[in-house]
Amino acid sequence: MKLYILFGFLLLAGKKLQLKFGPLCSGNTSNRKRGCDTKYGCGNFGASRTHGSHEGLDIVCADGATVYAPFDVKLNGKAAPYKNSNAINDGINLSGEGLCFKLFYVKPDSYSGTLTKGQKIGTLLPMQNVYPGITSHVHVQMCDKSDPTKYF
């Protein structure tokens, strides 16, 4: 009996380690990560910023593109990346598959409810209006500010 319980635990632990986000953005089904822009820095977790380090991972997404649920999720309200208002100061808090995370620069169709994998969350906001020349992207940030890279 103990062996079955241990085996079941190891299977569950292995499943969590293997979790990968499904496609986040129309036009980027492989979830390609944003590299480095001359003016705006890099999109990897921990990249240098003026006030500390980058607390998320940037996934390439064109302005106006559809943003999708990466797996079955619960929508848990608004997540604004900035204190000041601008054209891209919107996002959403989500949870699913045992994870809590935020997507920034997205105008969600709703801030509450549930979605299944692949359903539309919303639309990427016009990053070029605020950061001309940047590689437009969805910013993925874990609620505990841990590195989300392993899920991509």
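Cβ coordinates come from backbone N, Cα and C, glycine included.
Annotated in TrEMBL:
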SIGNAL    1-18  signal peptide
DISULFID  C25-C61  disulfide bond
DISULFID  C36-C42  disulfide bond
BINDING   H54, D58, H139  Zn(2+) binding site
DISULFID  C100-C143  disulfide bond
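Across the structure, D58 (Zn(2+) binding site) and C42 (disulfide bond) place their CA atoms 9 angstrom apart. The highest number of surrounding Cβ atoms within 10 Å, among the disulfide-bonded residues C25, C36, C42, C61, C143, is found at C61. Closest in space to C143 (disulfide bond), of the recorded positions given as C25, C42, H54, C61, is H54, taking the CA atom of each residue.
Cβ contacts within 10 Å of D58 (Zn(2+) binding site), excluding its own Cβ and spanning all protein chains shown: 28. The local packing around H139 (Zn(2+) binding site), expressed as other Cβ atoms within 10 Å of its Cβ over all shown chains, amounts to 24. Taking a C-beta cut-off of under 8 angstroms and a sequence separation of 6 or more, C100 (disulfide bond) has the following same-chain neighbours: N76, N93, L94, M142, C143, D144. Ranked by CA distance from C25 (disulfide bond), the recorded positions C36, C42, H54, H139 have H139 at the top as the closest. The closest partner of C61 (disulfide bond) among the recorded positions, by CA position, is H139; the full candidate set was C36, C42, H54, H139.
Highlighted in sequence order, R34, G43, N44, F45, A47, E55, G56, L57, F104, H137, V140, Q141 have their Cβ within 8 Å of the centre of the Cβ atoms of H54, D58, H139, the residues recorded for Zn(2+), and are not part of that set. Other C-beta atoms found within 10 angstroms of the C-beta of H54 (Zn(2+) binding site) number 17, with every protein chain shown included. Note: the CA-CA distance between H139 (Zn(2+) binding site) and C36 (disulfide bond) rounds to 14 Å. For the pair C42 (disulfide bond) and H54 (Zn(2+) binding site), the Cα-Cα distance reads 8 Å.
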